[in-house]
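> Can you read through this structure? Questions will come right after.
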Amino acid sequence: MGLICVLLVITVSVHVTVDGVIANPLSNFVTVPNLGPTHPMDNPDWVPPTAPTREKDREYWLTSGQARLRRQLELNEQNINVAKNVIIFLGDGLSIPTLAATRMYMGGEELELSFETFPHTGLAKTYCINYQVSDSACTAAAILTGVKNNYGTIGVSGHVPLRNCPLSLQESNRLTSILKYAQEDGRSTGIVTNTRITHATPAVAYAVSGARYWEDDTELPPGCVDIAMQLVHGDIGTNLTVALGGGSRHFYPTGTLDRNGEPGRRTDGRNLVDEWINDAVARELRAQFVHDRTGLMAIQPELVDRLFGLFSGNHMSYRMLADAQREPSLQEMTIKALEILRRNDRGYVLLVEGGRIDHAHHDNLAKLALDETVELHRAVESTVGQLDESVQETLVLVTADHSHTFTIGGYPVRGNDILSTGDFSRFDRMPFFTLAYANGPSYADHFYENGGRRNPDDMRDRFHDPDFTYPAAVPYEDETHGGDDVAVFAKGPWAHIFSGLYEQHVIGHGLLFAACLGPDTFHQSDACRERLRRGTATPIRGLAQLLVMLMVIVYIRTKTLLLV
């Protein structure tokens, strides 16, 4: 009996810390009882939060529900025209929690982003064929070529492992993007991004590479062509009508500076910007290269056949931190591209990437990620507003390539500042942030080395700083992507086919089908077949009409001579 008592005393003493805190297998933070409330809801005088006044009445919800139902019924009409124009907005890392948090960042849980009002919405599965959680290269391949492939590879099939140059050169392994099909059909093509224009997503639109990392020749294996070179001299790149973004360092040689004074990285001594200009002159194209916002805004669309813009050596700046007089916004670049592309009566395909959402998430910079989502929202809103009479023949699709480990959690009250703390932990008697990440470099900013959280109350003066990092549960050098599905929003011809849940590569096939592009073996709509018939019949009809006119003229002249 005495031995048992000794063991019990030892056991209890092991589980009690010097601070009088009883340990628990779940944490170090379980407090001793009877110290008073540790959570606002534990206070007997706690008053639950109140809702906005109008939302307390059942009539508000009945009326708004009926109004939305009528709108849904109106939007149910299907547009089955050929999509002469296709605009693809790709929010890099634009997860569903990011969308929800951005609404709150903009001012209210009930708000809608511009593209969230689109009539048709779906969900896409984002995995690569060899990774559960994808990167931007394999997901862009799914969207732009209709083929899923390996992590990190650009425009090649799954037979090409990452960094394999020889296999990437085999024609049977090379994929064809929607921009190539559009160019073959005589349509204009454009790329707009606020990342490096040689980065993974835009690269898939025009390049083929065994690795997304071969943006210039510094790490390039013998026999392969780097991505920047393919933009200037490649089959698709040389025929791009518009290309706007960052990444000038990959186009200028080492030892030289670009037009913004930033150093180049190429080791082959080639200045690809000069080569682009010289090539355009040789082809007698009216071409303009721009390197800042002033140059871009001065462009007169009717006087330009080709436009190339590089506004930063690396990625373009986060809009919140950018010099707005020097770097154009995503919205400004998109509208300028649209003004040039829509001059082609045959139509166009435009890819727009809001790429810096992803980069902010990687650094656990939630505020910047939400602000970059607002930038994408503005670009989509302005673009749709510019479509005018072409709206019925323009398919606008907004989606993400992949998700992130970004979450919205706790039980914050309605209207709580999304960037602030929103709930309270009874374990460590401290508030915690509504926004958090599963992993990332910010772990040490929020946790002590020996365990336990840092108190968010000590950080209140920094919540709204753009460089404030949000908590990560696992230390990691670079927050990872998430493997969950992403949303797809569509408006215009055949937008309804993007409803439902599907593999991400189905988006690529849907775009080709709607636009009447792709191989002859692909499924085609009746409208597409009619368009193709009109395309071949038009010259014949024109010749027939000319012959009729000539016959009429001859007849009139003959009658006139007879009368004389």
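The first residue you see is number 1, and the count goes up from there.
The backbone N, Cα and C atoms fix where each Cβ goes, glycine too.
As annotated in TrEMBL:
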type     : residues                                      : note
SIGNAL   : 1-23                                          : signal peptide
BINDING  : Asp92, Asp358, His362, Asp401, His402, His481 : Zn(2+) 2 binding site
BINDING  : Asp92, His199, Thr201                         : Mg(2+) binding site
ACT_SITE : Ser136                                        : active site, phosphoserine intermediate
BINDING  : Glu353                                        : Zn(2+) 1 binding site
> Could you state the whole-number distance in Å separating the C-alpha atoms of the residue listed as 'active site, phosphoserine intermediate' and His199 (Mg(2+) binding site)?
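That comes out at 9 Å between the alpha carbons.
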> Applying the rule Cβ within 8 Å of the centroid of the Cβ atoms of Asp92, Asp358, His362, Asp401, His402, His481, what extra residues of the same chain belong around the Zn(2+) 2 site?
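Neighbours within 8 Å of the Cβ centroid, excluding Asp92, Asp358, His362, Asp401, His402, His481: Gly93, Asp135, Ser136, Ile357, His361, Ala400, Ser403, His404.
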> Among all the protein chains here, how many other CB atoms are within 10 A of the CB of His362 (Zn(2+) 2 binding site)?
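Taking every protein chain into account, the count is 20.
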> In the structure shown, with every protein chain counted, which of the binding-site residues His402, His481 has the densest set of Cβ atoms within 10 angstroms of its Cβ?
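In terms of Cβ crowding, the pick is His402.
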> Hey, of His199, Thr201, Glu353, which of those binding-site residues are within 10 Å of Asp92 (Zn(2+) 2 binding site), Cα to Cα?
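So the list is Thr201, Glu353.
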> Pop the Cα-Cα gap between His199 (Mg(2+) binding site) and His402 (Zn(2+) 2 binding site) into the table, whole Å please.
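For His402 (Zn(2+) 2 binding site) versus His199 (Mg(2+) binding site), the Cα atoms are 15 Å apart.
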